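A quick write-up on the structure given underneath.
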Amino acid sequence: MRPPVTGGRGGGGFRGGRDGGGRGFGGGRSFGGGRSGDRGRSGPRGRGRGAPRGRGGPPRGGMKGGSKVIVEPHRHAGVFIAKGKEDALVTKNLVPGEAVYNEKRISVQNEDGTKVEYRVWNPFRSKLAAAILGGVDNIWIKPGAKVLYLGAASGTTVSHVSDLVGPEGCVYAVEFSHRSGRDLVNMAKKRTNVIPIIEDARHPAKYRMLVGMVDVIFSDVAQPDQARILALNASFFLKTGGHFVISIKANCIDSTVAAEAVFQSEVKKLQQEQFKPAEQVTLEPFERDHACVVGGYRMPKKQKTPAS
């Protein structure tokens, strides 16, 4: 175990749970063959609201000033838990010394004297971090992975995915807004494993020459036709047997029915497009009426073993 180090000042941390599961934030729903059954429904519509994107939550997501901090590996490869007076989700900074969105950084000294810098991952500003703290079984984004990220915005979560996949991996980050795209491009100048693409994710043919086959697609486009957008991109870029992670915002699809009904409808749409959803977790309390669905794509049928 690494020796304790002193964390700097900042906002409060986020409870990560001892096993990195974030037990206090609701479980997920398994779609058959998963690790669990129905571990927890998406929260009711009246619950405490997660802070709007880009604001709220602990402002810098750091550790309490003056506390001793120990960094331990999370069960998801490339993710870590910083434990002090408050626990926080962190990733190993691919570009030490550089912050992306004014996030708190923690420096840990190894026994051999070398230092490793980690960046606090704020779940109020990242759907993927919220899903991890919600107890998602597998995000499929790991060191060396090639990821297509749809709806990259200014690159907050993309930067942490960049940390996760490391120098051997690659993140193709697609964003339609030119304003957000400027921030994304600036971030990518220092992160050589991020390839920013300022295009509409509805038209993957426009960037087919820029993107290779990928292991995982992460989608956070918040559009009524987001299942179709994911399917279009998967048909171009997602390898057979690859995986997807999609953030679903119920109000963007149908604000007239319960969030749970919207999630069920979207899962059915995904199943019709050769996706095999494996689990669903709520993003409460970080985001209201959001769910994250994870699964496989064009999964090979299991071979029946002949009787001996």
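Even glycines carry a Cβ here, placed using N, Cα and C.
Summarising the annotation, Swiss-Prot assigns region 'Disordered' to 1-68. Taken from Swiss-Prot, the feature compositional bias 'Gly residues' applies to 22-35, 53-65. Per Swiss-Prot, compositional bias 'Basic residues' is recorded for 42-52. The S-adenosyl-L-methionine binding site feature in Swiss-Prot is assigned to Thr156, Thr157, Glu175, Phe176, Asp200, Ala201, Asp220, Val221, Ala222, Gln223; the stated evidence is similarity to another entry.
Among the binding-site residues Thr156, Asp200, Asp220, Ala222, the residue whose Cβ has the fewest other Cβ atoms within 10 Å is Asp200. Among the record's S-adenosyl-L-methionine binders, Thr156, Thr157, Glu175, Phe176, Asp200, Ala201, Asp220, Val221, Ala222, Gln223, no two C-alpha atoms are more than 19 Å apart, and one pair sits at exactly that spread. Other C-beta atoms found within 10 angstroms of the C-beta of Glu175 (S-adenosyl-L-methionine binding site) number 27, with every protein chain shown included. A coil conformation is recorded for Asp200 (S-adenosyl-L-methionine binding site) in the three-state DSSP classification, outside any helix or strand.
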